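Chemist: Below is one structure. I have some questions about it.
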Amino acid sequence: MATEYDVVILGGGTGGYVAAIRAAQLGLKTAVVEKEKLGGTCLHKGCIPSKALLRSAEVYRTAREADQFGVETAGVSLNFEKVQQRKQAVVDKLAAGVNHLMKKGKIDVYTGYGRILGPSIFSPLPGTISVERGNGEENDMLIPKQVIIATGSRPRMLPGLEVDGKSVLTSDEALQMEELPQSIIIVGGGVIGIEWASMLHDFGVKVTVIEYADRILPTEDLEISKEMESLLKKKGIQFITGAKVLPDTMTKTSDDISIQAEKDGETVTYSAEKMLVSIGRQANIEGIGLENTDIVTENGMISVNESCQTKESHIYAIGDVIGGLQLAHVASHEGIIAVEHFAGLNPHPLDPTLVPKCIYSSPEAASVGLTEDEAKANGHNVKIGKFPFMAIGKALVYGESDGFVKIVADRDTDDILGVHMIGPHVTDMISEAGLAKVLDATPWEVGQTIHPHPTLSEAIGEAALAADGKAIHF
C-alpha cells in the first residue's frame, strides 16, 4: 500500500518527533517512521533515564550527609530495584506524552524499519520510504514530497573492547543494570563518562576513569575541566589522563575485568568488576538507503548545508546523524529549521556559539559560547569575569559552595563570547547566559540586571560585574 505525504521523517527521536509536530502545526500531512519507540535515545537510553538515576544518586548522597543539616538519619540504604523502577516510570510517563502529541497533531506513526528507495514507479526522485514491519506483512510505501533523516546515533565502540552486556558495557547496557557493581572502570572522560562516574560514585561504587586526552572534559573551558577533576578527586574518584587503553590486554574472570593502559611510556593494569566504554557516539547511517541517493557523507556523518539540506534538495538530515553538537536540544532546533525551510519560512540557521551545553554530574557544569582559549585563538582581546559560589549565600544554604561562574568577553567590543559555570544547579542557570548572547548583551548590561537575593543566579550578575573589576561581594 502506498500513501502520499508532504513530509516523512525517518526516526522518531527528539529531533524527529519535534520536526513532525512543527510540520503538523504548519498544516503538512506528516508521518514518522520509528523502528523502536518514539522518543529515541534521549528518552529511552540517554537524557531522561540517566538523569533519573542521577537524581536518585543525589538523594542517596544527601540522605547520607543529612546530619550536616541537623537531620539525624539511621540505617540509610539503597534499593536499586526501586531506583530502576522509578527511572522507568519517569520514562514511561514522558513516552506516553510523546505518543499523545502525535495523536493530537494527527501525525501518522509507522513502527518498522524505514529505508529510502531510489527513483521508482512511485517517484522519479529518490526518497520513497519503504517501511519493513518485520512480521511478514507487506512493506508500507510512503511517498513524501520532503524527507527528514533523523536516525540518531549509538555508542561508539573501541575495537577490541566488545560489549557483552555483563562485564563490558556501554551507557545503553549500564542503564539496565539490575545490580550495582562494587567497582567500575570508565573508558572515556567526556561528558557521558563524567556523568556516570559521578552517579556511580554517589551510589557507592569505586570508580576509575581512564581518558586519552591530557584532561577530562577536553572540549570544555580549561578551568572548568581542572575544577571538575579536582572536586571529583576529592570525593574519591580516580582519574588517569593522557593514557591509552590497550584493548588487546583485556582479561576477564568470573569476578572482575582487567585492562592495561599506557601513560608516559609505562603500562599499568587496572581491574574492576565492570567496565563502561564511553568514547563518544557514532551516527546511524547504515541500512537506510543512502546508496540509493546522491547524499554525501563525511567521516561517517551526513553532510548538510545551514538549512539541514543534503545534496538531494528534498531530503534533509538533522541531529546526531549530521554530527556537530550531538545534543537533544540541537536536534530539536535543527528539526524546526528543516521544516520551516521547506515550508518557505526562511528560518535562521543554527549558531553553535548560542547552544548551551550541560553536564549533569555533581557538581554540575554548563557553558555557552567560546572557551577562553578559543576566544584567544580567534584573535579576541579577552577579559574575564569570574565569581565563586562560596561567596553566594544560597550556595552556602544548600551546602554546595564549590565552583564558579566565568564570563569570557571581548575587551574592545564588550561582546560576551562565552559563559562557563561549574557548581550547584548551573544547568538550570545557563539559559540566562544564552539569552544574553542572543540579545548581544554586554557584561555591564548583565551586571545591571537585578538578580534576586538569595539565589544562585547572583553569581552570574557578579561575574558580569567582575569582567570590569566591579564585583560587589568578592
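Along the chain as shown, residues are numbered 1 onward.
Glycine is treated like the rest: Cβ placed from N, Cα and C.
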Chemist: Let me know which member of Gly114, Gly118, Gly393 Swiss-Prot also records as binding FAD at the site of Glu34, Lys35, Glu36, Lys37, Leu38, Gly39, Gly40, Thr41, Cys42, Lys51, Asp320, Ala328.
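Modeler: For FAD, Swiss-Prot names Glu34, Lys35, Glu36, Lys37, Leu38, Gly39, Gly40, Thr41, Cys42, Lys51, Asp320, Ala328; of Gly114, Gly118, Gly393, the listed one is Gly114.
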Chemist: In Swiss-Prot, the NAD(+) site includes Gly188, Gly189, Gly190, Val191, Ile192, Glu211, Ser278, Ile279, Gly280, Arg281. Which of Val147, Val245, Val330 does it also list there?
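Modeler: According to Swiss-Prot, the candidate sharing the NAD(+) site with Gly188, Gly189, Gly190, Val191, Ile192, Glu211, Ser278, Ile279, Gly280, Arg281 is Val245.
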Chemist: About how far apart, in whole Å, are the alpha carbons (Cα) of Glu34 (FAD binding site) and Cys47 (disulfide bond)?
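Modeler: A Cα-Cα distance of 19 Å.
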Chemist: Taking only the Cα atoms, work out how far Gly114 (FAD binding site) lies from Gly190 (NAD(+) binding site), in Å, as a whole number.
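Modeler: Rounded to the nearest whole number, the Cα-Cα distance is 32 Å.
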Chemist: Between Glu36 (FAD binding site) and Ile192 (NAD(+) binding site), what is the CA-CA distance rounded to a whole number of Å?
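Modeler: The separation of the Cα atoms works out to 23 Å.
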Chemist: CB neighbours of Ile279 (NAD(+) binding site) within 10 A?
Modeler: 20
Chemist: How far is it from Ala328 (FAD binding site) to Ile192 (NAD(+) binding site), counting Cα to Cα, in Å?
Modeler: 14
Chemist: Within the chain of Cys42 (FAD binding site), which residues six or more apart in sequence place their C-beta under 8 angstroms from its C-beta?
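Modeler: Same-chain residues close to Cys42 (FAD binding site) (Cβ under 8 Å, separated by 6 or more) are Gly13, Thr14, Ile48, Ala328.
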Chemist: How many whole Å apart are the CA atoms of Val245 (NAD(+) binding site) and Cys47 (disulfide bond)?
Modeler: 27
